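Under the heading domain 'Major facilitator superfamily (MFS) profile', TrEMBL lists 30-473. The transmembrane segment annotation in TrEMBL covers 21-43, 78-102, 109-127, 139-159, 171-191, 203-222, 287-309, 321-345, 352-374, 380-407, 419-442, 448-469.
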Amino acid sequence: THTHRFCSIIMCVIDLTQIKRLTVCLISAAFFGSVGSSFLYGYNLSVVNAPASYIKTFYNKTWIDRYNEPIGDGTVTLLWSVTVSIFAIGGLVGALTVSFLIKVLGRKGTLLANNGLALIAALLLALGETAGSFEMLIIGRFIIGMDSGVSLSVLPMYLGEISPRQVRGSIGQFHSIFICLGVFIGQVLGLPEILGQESRWNFLFGFLALPALLQLCVLPFLPESPRFLLMERRDEAGAEKAFQAFLGRSDVSRELEEVHAESRAQNTQRTASVLELFRKRSLRWQLITVIVVMSCYQLCGLNAIWYYTNGILQNAGFQPAVIPYITLSTGGIETLAAVISGLVIEKVGRRPLLIFGFSAMAVFFSLLTVFLHYQDRFSWMPYLSFTSILLLIASFCSGPGGVPFVLTGELFEQSYRPAAFMIAGTVNWLSNFAVGLLFPFIQEALQTFAFLLFVVVCVAGAVYLLLVLPETKNKTFMEISQSFSKINGIPDQTQEREMKDALDTAATNGLQCAEVEMESSF
């Protein structure tokens, strides 16, 4: 039957042997970590769209109450632009604090403390109308931006360090899935029948407190990153308990020894600074790769197509009242593509997903440019334009939407990982801000041909990844580091020898009993 054939195909793509490595503790950490972090970021990307007109009306009412005159069109546009764009500025500030926060609080501790920002932002955004203060909305958007800036760096780091290498990509994709789910829920709650009304829009922002509270209730009972505990806090007992919880078995001596070996190979116990990372020759191309991938993540143009979606649907003849329901399909496609990517990433690999995603986006951006150019000549052309948008979103979420965060955690060893995430976060938020600032001017100058710029970005990203990036699936952090030795011009294999010597020593000390003969999970 067709159903049996479809299931057979799915079984071939998904490596079911890896499902056995997923413990309740690991899934819980990924789920609740993402709920209070990634989900909030995605939700804040979409939640401001539905109540935009009501918020502008509130700005005007507040202005009249204060100054006894209506607000000018230019002023209300400026206030609204600041309200929207200050989210990215807050994100940049949050990303710059990550290295300090995780050094003091740890991975899990930083995620927990970050919920304080989300709760403060929820109060400011929800009560701004009652207090008659549009400044509270602007400050709230800045604070929730800081929350997102911290979580977008810390959560992928935490998930990468607690996951066995055989499922590290799948667990890391929880981050991407919950971003997409947050966008979708923001669209759903913004519908007129739910909270997208003038009397209810403040509840859209009050909802921010729920995921933060949920994470606060559950995450304290889950372990800290065992790698952080062992390599940075020197807490071997705590690391052993964390490994046991995440792996679901009592004998984790092999994993402990592997982390010890990595620690000796690094020859340092302290966290490296950003400047030290830039100076480190053996990490040069890893750093360049992260900067390129994170730049392409924002500059590939996905954010820009939201400017066109409503206009394309209007040109297709849909009534304005129906358009919000049709655009729900974009959020649904995002979430579905991210879930599928998470299911296949350990079978297909990171590199093919990224290259395919950027290449497919280049193709669909090219088609969208053609369809937009001719859509006034043919009544059916807007339907092709909207189909291209859906395929663009699916292409983005199949790889470029989530893999960059997984990759940033995989390309660097423990002491350099915080600095790498700080750089990646800075590039991410600066690129985000640049697109929001410059694209309206580019679109005005080039019209529908503006999307050809994104074709260039996507092609350049795909070519770079094809030439430079090695596959990282099912590899230890040490093995991934060795994959870059040749391109970095580092022929010395001392790290690899150190790891082998350490593991051989462990074997001679009697660690290779029946159960420990299994391959190390980390």
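Glycine is no exception: its Cβ is also placed from the backbone N, Cα and C atoms.
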When you scan the chain for residues with a C-beta under 8 Å from the transmembrane segment (352-374), skipping those not six or more beyond its ends, what do you find? 293, 296, 300-302, 305, 308, 312, 341, 344-345, 381-382, 384-385, 388-389, 391-392, 395-396, 398-401, 403-404, 407, 448-449, 451-452, 454-455, 458-459, 461-462, 465-466, 469
What mean pLDDT does the predicted model reach across the domain 'Major facilitator superfamily (MFS) profile' (30-473)? 90
Within the same chain, the residues 6 or more beyond the ends of the transmembrane segment (139-159) and with Cβ under 8 Å of it are 29-30, 33-34, 36-38, 40-41, 44, 48, 83-84, 86-98, 101-102, 107-108, 110-111, 114-115, 117-118, 120-125, 128, 171-172, 174-175, 205, 208, 225, 405-406, 408-409, 417-418, 421-422, 424-425, 428-429
If I count Cβ-Cβ pairs under 8 A between the transmembrane segment (21-43) and each of 78-102, 203-222, 287-309, 321-345, 448-469, which range comes out on top? 203-222
Using Cβ atoms and a strict cutoff of less than 8 Å, what residues sit near the transmembrane segment (109-127) while being 6 or more residues removed from its termini? 33, 36-37, 40, 94, 98, 101-102, 136-137, 139-141, 143-144, 146-147, 150-151, 154-155, 158, 202-203, 205-209, 211-213, 215-216, 219-220, 224
For the transmembrane segment (380-407), out of 78-102, 287-309, 448-469, most C-beta pairs under 8 A are with 287-309
With a Cβ cut-off under 8 Å, give me the same-chain residues at least six positions beyond the ends of the transmembrane segment (203-222) that come close to it. 25, 28-29, 32-33, 35-37, 39-40, 43-44, 47, 50-51, 108, 111-112, 115, 118-119, 121-123, 125-126, 140, 144, 186, 189-190, 195-196, 245
